[in-house]
Amino acid sequence: MTIKPKPIIWTISGSDCSGGAGIAADIKTGHALGVEVCHLITANTVQNSQQLLSVNAVSVEILQQQATLLIDDKPPSVIKIGLVANVEQVHWLAKLLKQFKVIMPNLISVYDPVGQASVGGSFSCLSLEQLTPLLMIVDVITPNLMEAKILARVDKLAKLAEANDVEVLAKKIYQDFAINSIIIKGGHSHADDKHARDYCYHQLNQLSDEKQDNQEKLHQTISYQLNSPRLATHYSHGGGCSFASALASFLAQGYLMRDAFMLSKAFINQGLAATVPVSASQKHQYYGAFEQQAWPLNGSDRAQHFAEVVDDLSGQYQELPAFSSLDLNGEILGLYPVIDSLYWLKRLLPLGLKIIQLRVKNLTENELEQVIIAAVALAKNYGTRLFINDYWQLAIKHGAYGVHIGQEDLADADLVAIQRSGIRLGISTHGCYEFILAQQLQPSYLAIGAIFPTKTKDMTGQIQGLDNLRQVLSLRPAENAWQIPVVAIGGINLERAIDVVATGVESIAVVTAITEAEQSHGITPEQAVAAFEQIIVKG
Ligand SMILES: Cc1ncc(COP(=O)(O)OP(=O)(O)O)c(N)n1
Ligand SMILES: Cc1ncsc1CCOP(=O)(O)O
Ligand SMILES: [Mg+2]
């Protein structure tokens, strides 16, 4: 077996001699998630799972020597910072990150403000003012609710009710320290809350997250909460550190912030679920180290570790019934050509396809309406399921079989009107966060892409690969009798189709592999359709 080069993260945090938290948690997490972890120890602590006896800071000279020796040898994609023991270390870190950002503009720093609040300042007695130089430079911060209150200077908030409002706290931290992503762990949660709710307030575009050329989105912020059942276990020591190092690991692997957050929470849930639940009858409750489980977890129970997404969209459509199904009666959806004209529709409909999409981008609304009317009439002669891309009002008005809607248009589309009209809905997704959110809306199918680079649409930063395709396929709840069919799209040609079909995906959507089959493979579009269908049948 060959070992692929792994992304490198650095963790700059304290050593916990009991092995649960700090550097030990970071190394175990990085190992489980397939990243290499360089560790720079800020302090050697004397502690067990019950008490902390001392924090023994390492000098900044030694830390600097380690950084200097490692930087050319093992440059990090992400630096995770945990325990910072004194003011010298704050200044050293702030300077180091500033220098590194000049030579590595894509470097991401994740700060988990260990013990600044929850243990009553026992790990470090740094004030907020003393921490400010570091706070002003980090990209991501992962406080718990108590730490967030300190960071947001909660005592200065006008209304007491705001002190527990994670959105207020996160916005305040964002404004005061210009930190791109604020994840408040367990926000809104009370001891009797049956759910662990983690909240994220996040500015798009700063972490090469979305496309930089979209000026409108440049300073757009999004916020959402990930909820999952609270898991009480004796083995949670170091869970917070492990969450932050999981986040660092997934970011180092190139995941977008929201996907890294979703995956990190699933990784933590998986670890908590693997260990013994707390029993009320036991007097002395052993407090063990968080269990980093192998990742990705195989098996049918994988979906259960992924949280539910709560955001404006999911809130708005919470009560909406499922969209009409594709009525496949056990058949698989198969090849899904996406074409842009009546010419292609007339050419492909006689081939007996189960589904086809009209994706027109360059016509006026009036011209488009005429094309849609003609397309609906044509498709009805063949019993092929005709989806209209983007134009949901026209699709409803003219009785198309369904409409396909992308992420950009989802918030503005009237999903209630689409559901009530009875036409089917397909939704584009690009990663596990969007997939889970869209799945909660119970559409007729879910698309995931782009699987491979494509010249048909700008998908910069959103290439999924086969691993992510497999990952989202495993996120459909196993217990559902009816699973939402999944369509893979983007850069799929005849050569790649074999591997795509092997993932078990129900359908593959293609544009150029059919419309440009002559140029690329010297075969007719009809022959390309037949070749794809053969691959799908064999798969
Ligand atoms: C089957 C299928 N999947 C994805 C898309 C892309 O939709 P969207 O993200 O809205 O992008 P545009 O196609 O509108 O450019 C699709 N059309 N079909
Ligand atoms: C519309 C769309 N959405 C995601 S990728 C893509 C383009 C697919 O085209 P092709 O099959 O030519 O790569
Ligand atoms: Mg669209």
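Cβ coordinates come from backbone N, Cα and C, glycine included.
The domain 'Pyridoxamine kinase/Phosphomethylpyrimidine kinase' annotation in TrEMBL covers 16-279.
Summarising the annotation, TrEMBL assigns domain 'Thiamine phosphate synthase/TenI' to 341-514.
The number of other Cβ atoms within 10 Å of the Cβ belonging to Asn389 (4-amino-2-methyl-5-(diphosphooxymethyl)pyrimidine binding site), over all protein chains shown, comes to 20. Summarising the annotation, TrEMBL assigns 4-amino-2-methyl-5-(diphosphooxymethyl)pyrimidine binding site to Gln357, Leu358, Arg359, Val360, Lys361, Asn389, Ser428, Lys457.
Look at TrEMBL and you will find Asp390, Asp409 tagged as Mg(2+) binding site. Take the CB of Asp390 (Mg(2+) binding site) and look out to 10 A: across all protein chains shown you find 18 other CB atoms.
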Neighbourhood of Leu358 (4-amino-2-methyl-5-(diphosphooxymethyl)pyrimidine binding site) by C-beta distance under 8 A, where only residues 6 or more apart in the same chain count: Ile339, Asp340, Leu345, Val371, Ile372, Ala375, Leu386, Phe387, Ile388, Asn389
Farthest-apart CA atoms of Gln357, Leu358, Arg359, Val360, Lys361, Asn389, Ser428, Lys457, residues recorded for 4-amino-2-methyl-5-(diphosphooxymethyl)pyrimidine, distance in Å: 16
Between Asp409 (Mg(2+) binding site) and Ser428 (4-amino-2-methyl-5-(diphosphooxymethyl)pyrimidine binding site): CA-CA distance (Å): 10
Nonlocal residues around Arg359 (4-amino-2-methyl-5-(diphosphooxymethyl)pyrimidine binding site), in sequence order (Cβ under 8 Å, 6 or more apart): Val338, Ile339, Asp340, Asn389, Asp390, His404, Val511
Cβ neighbours within the same chain of Val360 (4-amino-2-methyl-5-(diphosphooxymethyl)pyrimidine binding site) - under 8 Å, at least six residues apart: Asp340, Ser341, Leu368, Val371, Asn389
